[in-house]
Amino acid sequence: MWTVQIWKDQFLHWDPKLYGGIDSIIVPYHMVWLPDTYLYNGYELKHFHLTAVYVELYSLEMELQKSERRINVILSLQSDHQKIRYLSDMSNITESATVTFRYPAIYKFTCYMNILYYPFDWQFCRMTFGSWMFDATQIDYFPYAQDVFLEDYIEHSEWTLVSFKTKRVLKDYQCCVNPFSLLYCDLILARKPWFSLVNLIIPTAIINFVSLFGIFSPTTTTGHRTEKINLGITTLLTMSILLLMVSQEMPTTSDFIPFIGWFYLSVIILISFATLLSTAVIEIQLQARYGKSIPHFWRKVMFETLASRIFIRIPPKLWKVMNHDNKLRFCKNGGRDHHFSQLDQNISDTYAADDPLATSRHHRRICMRRNEGIKCRDDQQYRYSTLGSLKEDDLFDAPVNTISRQIAEIRENVQQIMKLLGQHESQQLLALEWDCIATIIERTLMIIFILLSLIVTTSIVTYGMFRGSFIHFPDDYE
């Protein structure tokens, strides 16, 4: 920054007539008296407001040679009293020269930053200039203008300079009787958020949504959902790396957690819960292996109420099962009996045509092999009613029909095959039912978590953008 100090020196005067009308000269700075103007170091002003503590700046360099490039001063017998207000009060002092001291300076100072709304934060910083030795009765400072000239200001890539104003204050210290004259240079800086948005927040939001879609996707390559846990763990590791990058960009503080920290923390919590719930969904999907049936209430809620609202189409096989009293077709007293009874009737007709006794034995065997709970006709009644039309010689001399025995064996084999097929189809339907339940739960959880992610991301970004410009200034700020 370019610094200009102007003052009246009563001990500097010459007669221009004696020097060819020269009324202004340039001399090295060490040939004249200079005020000991410093950027204060160690001066502290605390202002507590909510969670923020505003502390005034600390100069890092007390050696003026390291921060100011001093070369020459301008001595003039003329001054513009209209622009320099305090010199007009000294216009009655005729034998004095006006000293103009211009020099470039690079000031390094610390500024307490309220990074609660990072990267949408606005910061208030104060530079305090004043004499280190002389009080206000000896050196009195006045600002040249309230607003600092910014015509030659070079725009910063990370910060926008919103305001830069100066004001004069009188400060009392316990060490001294008279107050000291100080100049407060107050800066208001607004951080440019695009770097953090493009490199941190937007990629994190995309990774979050993609991971949620992956964790709650309905199908996988292996038929189960075990690799989704690996996806959740990988996403958590990615969030940890991004959080480490953010912590390196932000100033270190433990007073409060920045909004971007809350954003990453909320994303990590959402991914963690999504991973845990994914394991629960895997357990639900595996219930078919244990042969557990779905309760009627949950089947009705999931299939008839919830599925259509989250745009899931139930397979037609399950609708057939639900339409048949909401029971599986291959349960107890189920659909096998119809096929068996039809087969029994066909075989019984074959027996009756050849051997009534074999028919009786076959019917008794059928009754013994029927599923429990199916009531068949009394075997004795059936046998006697059949034998009533036979002659006595036929009862003792009837040969064993070889073909009938083969048909009986074929029937038994067919019965076993149909039983196995029925069990296999029943297991497939049960697995399909549990898989549909898991898919419905996953789709519901995906919608809930995506809505939560949208709410968290939108609210944090929106609140930070609008709230970050609200700065709590010190009490003496004007």
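A Cβ is built for glycine as well, from the same backbone N, Cα and C atoms used for every other residue.
In TrEMBL this protein carries:
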DOMAIN    1-53  domain 'Neurotransmitter-gated ion-channel ligand-binding'
DOMAIN    87-193  domain 'Neurotransmitter-gated ion-channel ligand-binding'
TRANSMEM  194-217  transmembrane segment
DOMAIN    200-460  domain 'Neurotransmitter-gated ion-channel transmembrane'
TRANSMEM  229-247  transmembrane segment
TRANSMEM  259-282  transmembrane segment
TRANSMEM  445-466  transmembrane segment
How about the transmembrane segment (445-466) and the transmembrane segment (229-247): at least 3 CB pairs under 8 Å, pairs 6 or more apart in sequence, or not?
-> no
Mean pLDDT, the domain 'Neurotransmitter-gated ion-channel ligand-binding' (1-53)?
-> 77
Determine how many residues of the domain 'Neurotransmitter-gated ion-channel ligand-binding' (87-193) DSSP places in helix, in strand and in coil.
-> 2 helix, 47 strand, 58 coil
